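Data first, discussion second: the structure below is written as C-alpha cells.
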Amino acid sequence: MLLVRRKERPSVLQPGKKMSSTVRPQPWLSGWPAQGPASARVPASPVPGGARQQGEEPGVLLVDDHPANLVALEAILEPLGVRLTKAPSGEQALRLLLAQEFAVILLDVQMAGLNGYETAALIKQRERTRNIPIIFLTAHGQDETEVLAGYAQGAVDYLRKPLSPEVLRSKVSVFIELFRAQSQVRRQAELLRHQEAQAREAATRSADYIARLQTLTSLLAEATSVAQVVQALFEHGLVTMESNATSLCLLDPSRQELELVETVGYAPEARTALERIPLSSSQPLTEAVREGRPQWLSSRAEGLARYPSLAGSLRFPSLAALPLIVKGQAIGVLGLGFPQERTFSEDDRAFLNAVAHISAQAIDRARLYDEERLAHERVRNAAARLKVLAEATDAFSAANRDLPALFDAVSHQVVRHMGDSSVLHLLSEDGQRMELVSVRHVEPGHQAFLLRLLEEHPARLGEGLLGEVAQTGRSVLIPTVSPVELGARLQPEYRVSLERIPLQTCLVVPLWAQGRIIGTLATARSAPGLAFTPEELRLMEELAGKAAMSIENARLFQQQLRSQEELRRRTEFEQQLIGIVSHDLRNPLGAISMAAGMLLAHPGLDERQRRAAQRIASSGERATRLIRDLLDFTQARLGTGIPLNRHPMDLHEVTRHVVDEVLLAHPGRHVHVESSGEGWGEWDSDRIAQVLTNLLGNALAYSPAHTPVRVSTFGEADGARLEVHNQGAPIPTELLPRLFEPLTRGLPGEAQPNRSIGLGLYIVRAILGGHGGSIEVASSEQGGTTFTVRLPRRAST
C-alpha cells in the first residue's frame with residue numbers, strides 16, 4: 001500500500017543550512033518542558049482517550065497532519081492487532097503521551113505547527129517518554145543532513161514515503177515485541193519489588209509476633225493465677241492483632257457450658273450473653289471447643305453462611321475462635337472480633353495459635369497453683385481447726401464432771417477462738433423451754449448487760465434467732481449485720497441490745513447430742529471487716545458438737561453419781577436385811593429345830609405327839625433351807641458372789657455321800673450311781689454337795705416314783721463331769737432359755753408339788769460359776785432330762 005503523497009510544505013530549515021535540533025521554549029504546553037517554537041499554540045481541548053492508561057497493551061502512536069496518511073498507516077498496521085492511536089498534530093501527540101503508553105511513534109517530519117523534529121525534541125525532554133522509539137516519516141528525499149538531524153532528535157529510523165507495508169509492519173513489530181519484553185521485565189521487577197516489600201513486611205510482622213510471644217511467655221511464666229494470665233494475655237498478647245473485642249471463656253466442671261472469665265470491647269448486653277454459653281449451641285466459640293480446632297471467619301457473609309442462627313447477632317465483620325488445649329483436651333476458648341473483614345495470613349494464624357497454646361498451658365499451671373494454694377490453705381485451716389478443737393476438748397474434759405464449770409469452759413473457748421461474745425442455752429427436760437446457762441463477753445460491762453437482759457427476758461422456743469435455731473436445728477450465719485434486718489429476726493425485747501452493743505456479724509448453731517437438739521450456742525463480733533465465713537461456721541458447729549457431747553457426758557456422770565449413791569444406800573439396806581435374816585431369824589429357827597429334835601428323842605411321846613414333833617422339825621428344816629437360799633441369792637445378786645472355800649476333795653466320794661443323805665428323805669426311790677476316772681479336784685465340798693442335792697432333789701421330785709434316777713461322775717483330762725438323769729416329763733421348750741433365772745419354776749412334781757420357790761437352779765449356776773464351771777440341760781420325751789455339770793480341777797489364775 002502506498003501512502004498519499006502530499007505537497008510538502010517548505011522545510012523549516014533554509015536550503016543550504018544545517019537543521020537545528022534545538023527547540024525554543026514553549027511555556028504554553030502544559031506538562032512538557034518549557035521549550036518549543038513561540039509561534040506554536042496548543043488548543044486547551046481535553047486529551048482524547050481520557051486518563052493515562054497504565055495497562056501493558058502495546059500501542060502505536062501515528063502522528064501526521066494529513067488524515068489520509070493516518071488512515072493509510074492504520075490500514076497497514078491493523079494486522080498487527082495492536083492499539084493504534086492517531087494524532088493529527090504534534091501538539092495532539094504530546095497530549096496523548098501524557099495519558100497513554102506506546103511501543104513506538106510514527107512521526108511525520110513536515111507538519112503544520114510543531115514539525116516532527118520539534119515534537120521529537122519535546123518528547124525526548126520528558127523523562128517518561130524519552131525512551132519511546134520514534135520512526136520519522138517523510139516525503140522528501142533522504143538528504144543526509146535531514147537524516148542526521150532526525151537521528152539527532154532521537155529517531156531510531158527514518159523512512160521515506162511511499163512506504164512498503166511489509167517493511168513498516170516488520171519494523172513496527174520489532175518495537176512492539178521489544179515493548180512487550182520490556183513490559184514483562186517491568187512487571188517482574190514490580191512483582192519482585194512487591195514480593196520484597198511483602199517479605200520485609202512479613203519479616204517485620206514475624207519479628208513483632210516473636211517479640212510479643214517472648215514477652216507474653218515471660219509474663220505468663222510469672223503468672224500464678226488465672227486473673228494474671230488474662231491480664232498478660234489481653235494487655236500484651238493480643239494488642240497487635242487490631243481486634244476491637246476479645247473474650248476468654250473456660251469450661252465449667254461439668255464440661256457442658258462455657259463460663260466467661262473476661263472480655264474487652266463488649267457492650268454490657270453482649271457481655272451478658274457470654275456469661276454462660278451451652279456447649280451444644282451453634283456458634284464459633286462452642287464449635288472451636290467441640291472440634292478442638294480454630295474457627296476463622298474472614299467476613300460477615302462467611303459467618304452467616306456457617307451459622308445462620310446468628311443472623312442479627314453476629315457483631316463483627318470477621319472473627320477468630322481459638323480453643324485452649326491442654327493434654328489433648330479443650331479447657332476453654334479465646335475469641336477475637338475485628339472491626340473489618342480480613343484474611344488471616346499464615347503468620348496471623350500461627351501467632352494466634354501460639355498465643356492460645358501458651359495461654360492454655362499458663363491457665364492450666366495457674367489452676368494447679370490455685371489448687372496447691374487451696375490445698376495448703378486447707379491444711380493450714382485444718383491444722384488451726386484441729387488446734388482449736390484439741391484445746392477445746394482438753395478444756396471440756398477437764399471440767400466434764402462439773403456442769404457449771406463446763407458451761408464456763410464452753411463460753412471461754414467460744415470467746416477465745418470465735419467472737420466477742422458467747423451465749424449458751426440448754427433446752428429443759430421436756431424440751432419446751434430454753435434455759436440460759438452461760439453468758440460471756442470480752443467487755444465486762446457488756447457481759448453484765450447481756451446477762452441481765454437474757455435473765456429478765458428468757459429466750460422462747462421458735463421466736464427470734466435463738467428460738468429458731470433451737471426449734472429447727474439449722475445453723476444461722478449472718479456475715480454482715482443490717483440493724484434493721486437483724487432487729488426483725490430478734491425477739492422484741494432483745495432489739496435494745498443493738499443500740500448498746502453494735503453487731504457486725506453473728507453466728508447461732510444448735511447443740512446436737514444423740515440425734516436430738518439440747519440447746520444453742522451463739523457468738524458475734526462488733527469490729528467491722530471481720531465477717532464470719534462458712535469455714536468459721538463449720539468450726540463453730542464442731543465446737544458446739546464437742547460441747548454438746550461433753551454436756552451430755554457430764555449429765556450422765558451426774559446421773560451415775562446419783563445412781564451410785566442410790567445403789568450404795570440400797571446395798572447397805574440389803575446388807576442390814578441379810579444380817580437380820582442370817583442372825584435374827586436363824587437363831588430362833590435353830591432353837592426350834594433343836595427343841596423338835598429333843599422331843600423326837602424323848603421316849604415317852606405317843607404317836608400323835610411324835611408326828612407333831614416331826615412336822616415341827618421338817619418345817620424348821622425347810623425354813624432353814626429357805627433362809628440359806630435367800631442369803632445365797634442375795635449374795636449372788638449383789639455381785640459379790642457366793643463365798644467358796646476350796647480344798648482338795650474327791651467328787652466320787654462326795655457324790656455317794658450326798659446320794660445316801662437324799663435317799664434317807666426319799667425312802668422307796670432308787671438312785672443308780674456311776675463313777676469313772678480321777679475324781680480329785682480343788683472345790684468347795686459343801687457347795688458341790690449343795691449343787692448335787694439340788695439337782696438330785698429336782699430329779700426325784702419331777703420323775704415318777706417307779707422310775708430310777710441316774711447320777712454319774714467322770715474324771716476327764718482337765719476336769720470332771722457330773723450328770724443327773726431322770727425319766728420324768730420333759731421340761732417345756734419355752735422354759736429352757738430361762739430355766740436358770742431366779743424365781744423360775746417348772747411344773748409341780750409328783751413328790752413335792754409346792755416345794756420350790758425358783759431359786760435353786762439360779763444358786764446352782766452361781767456356785768458353779770464361782771468354780772469356773774458350767775451347767776447345761778437337755779430334755780426330751782424319749783431321752784428324759786439330763787443336767788450336765790463341768791468343773792475345772794483348779795481355779796484359773
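Heads up, the Cβ atoms here are built off N, Cα and C, so glycines get one too.
Source: prediction; values computed, not measured.
Pulled from TrEMBL, these are the features on record:
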| type | residues | note |
| --- | --- | --- |
| REGION | 1-56 | region 'Disordered' |
| COMPBIAS | 37-48 | compositional bias 'Low complexity' |
| DOMAIN | 59-176 | domain 'Response regulatory' |
| MOD_RES | Asp108 | 4-aspartylphosphate |
| DOMAIN | 580-795 | domain 'Histidine kinase' |
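Counting only same-chain residues at least 6 apart in sequence, those with a Cβ under 8 Å from the Cβ of Asp108 (4-aspartylphosphate) are Val63, Asp64, Asp65, His66, Asn69, Gly116, Phe136, Leu137, Thr138. Classification of the residue listed as '4-aspartylphosphate' by DSSP places it within a strand. According to DSSP, the domain 'Response regulatory' (59-176) comprises 55 helix, 26 strand, 37 coil.
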